[in-house]
Amino acid sequence: MTSSFRFSLHATDGKARTGLISTPRGDVRTPAFMPVGTAATVKAMMPESVRDTGADILLGNTYHLMLRPTAERVNRLGGLHKFMNWDRPILTDSGGFQVMSLNDLRKLKEEGVTFKSHIDGSKHHLTPERSMEIQRLLGSDIVMCFDECTPYPVEEKASLASMQLSMRWAQRSRDAFGDRPGYALFGIQQGSVFRDQRAESAQKLRDVGFEGYAIGGLAVGEGQGAMFDVLNYAPDMLPEDKPRYLMGVGKPDDIVGAVKRGVDMMDCVLPSRSGRTGQVFTRRGVINIKNARHLDDPRPLDEDCTCPTCRKYSRAYLHHVFRSQEIISSMLLTWHNLHYYQELMAAMRGAISAGTFAQFEADFLTMRAQGDIEPI
Ligand SMILES: [Zn+2]
């Protein structure tokens, strides 16, 4: 255990990196996937089960928690870790992304954003200073700068203005965060798909100085091709000795492509949300458990998966409980999906350490291309 926040790089293979983030609440092995615990819970999962899948860190959403149950209440109850029974590291977003997506319900100014709650229509104000205060009240280990997530597609000029506003907010976030040993503040690079803007943003963030750097404004509808184009250069603009976090990504093949391009951390609702909609991720691609082909199938989702769902339940059972809208369906499918994501991260960490990432990627793509096992 350490009393400070540290990042150490252990091995690289091409641009892919593996290392360790050390925090007073525990270590995070990178590349890391962070399950999303929007409202102080990873839906359908006990925190102990999330840990069993191999997760070292969770993501919490400032926007949701500030509205309900409020950051002040969480703080009075001992902080988010105690409140939700997760004693390992937590990263919180700044609330910016969700607030920006409210569109009609928000007003953006230099000072910050005024918006109406989607829950009860009540009026709220979010600024870099208030976002830092909320994330401190929650007790988040990794705090994100308050920024404007630039929409996509966007005109070059509008993207520039948005990025520059985010960079002014990054300085204000840094000033408001203050000196908090053991906790980290991450800056967020913006600039959409414009290389010179990404470079300007990275330089401004480096001038301020952060414990880690995120790549924002991707996974917002640009598609994998455009995202990889940006990732071909954006991570290289950020300091080599600090963690790089790609926000809101993604599908398994997005994740492998991002790690290949030098990303260390990611988060996405996909494995947990898909667990509730009957979408299952396996080494052979995506399975839709709703499909009638599973009705009489006694085989597990994946013969080689070691998760409790695959060890103890058949496709036929999972199909049945999904169609019957039983709660256990969300539990079992989410568990498998999160397990699959964490196994994927572990495999990549191993491949980078061994210097075999190219072979890993080739095998990953070949396996997926085979598609699901033949129906019974
Ligand atoms: Zn499984």
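The backbone N, Cα and C atoms fix where each Cβ goes, and this holds for glycine too.
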**Message:** Record says ASP93, SER94, GLY95, GLY96, PHE97, GLN190, GLY217 bind substrate. Source is TrEMBL. Which of ASP52, ASP141, ASP147, ASP264 does it list for that same site?
**Reply:** ASP147
**Asked** If you check TrEMBL, which stretch out of 122-128, 248-254, 297-303 is marked region 'RNA binding'?
**Response** 248-254
**Message:** Among HIS118, HIS294, HIS320, HIS336, which residue does TrEMBL annotate as binding Zn(2+) at the site that also has CYS305, CYS307, CYS310?
**Reply:** HIS336
**Asked** Short question: which residues 6 or more past the ends of the region 'RNA binding' (248-254) have a Cβ under 8 Å from it?
**Response** 97, 218-220, 224, 227, 263, 266-268, 270, 281, 340-341, 344, 364-365, 368
**Request:** Work out how many Å separate CYS307 (Zn(2+) binding site) and SER94 (substrate binding site) at their Cα atoms, rounded off.
**Result:** 33
**Message:** Counting only residues 6+ away in sequence within the same chain, which have a CB under 8 Å from the CB of GLY217 (substrate binding site)?
**Reply:** CYS149, THR150, TYR152, GLN189, GLN190, GLY191, SER192
**Asked** Under a threshold of 6 Å between Cβ and any atom of ligand 1, which of the recorded positions GLY217, ASP267, CYS305, CYS310, HIS336 are retained?
**Response** CYS305, CYS310, HIS336
